[in-house]
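Beneath this line is the structure, given in structure tokens, with notes to follow.
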Amino acid sequence: MEELKMELRTIGRVKSPVIDNPANGFDWREVVSEIEIEPALEEGLDSLTDFSHIMITWWMHRAVDPSKKALKVYPRGRKDLPPVGVFASRSPYRPNSLGRATVRLLERRGSTLVVHGLDAIDGTPVLDIKPFIPGYDSPLEGVFAPEWATRHQRKS
């Protein structure tokens, strides 16, 4: 397969009370963060507050240690669980260190969004924002996951 190089534009940055990567098991469900969008893109936020939840995509800029980028990882860094393929995990150390989460949109203040439940640290570059639309973004049926993955489910 031919490798395709891409160039992405940062649309904003995360402002979070979490300034460093927390230990495994940290509960992000209570974190309130701000996403500061580039002022030139503010108009693109119009009507976003019509949605209760939004999907954020970001670059995990601190997950750059090449020695940690393995194709097999321990879920949540726990050696008591069997290793899984990196694509079956939420490890930040992946071939492309993209993060994505669906979060509750609490408010918009100009070019700043206040969100609940974003698992990104302070200064994280944001790449995209989309509204969460249940008819498109919720699985229709038959959702399942291994027990280790559902033990600490997110609520936002």
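Each Cβ is built from the backbone N, Cα and C atoms, and glycine gets one as well.
Note: TrEMBL annotation is automatic and uncurated.
Annotated domain 'TsaA-like' per TrEMBL: 8-141, in sequence order.
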Arithmetic mean of per-residue pLDDT over the domain 'TsaA-like' (8-141): 90
DSSP-derived helix, strand and coil totals, residue by residue, for the domain 'TsaA-like' (8-141): 26 helix, 45 strand, 63 coil
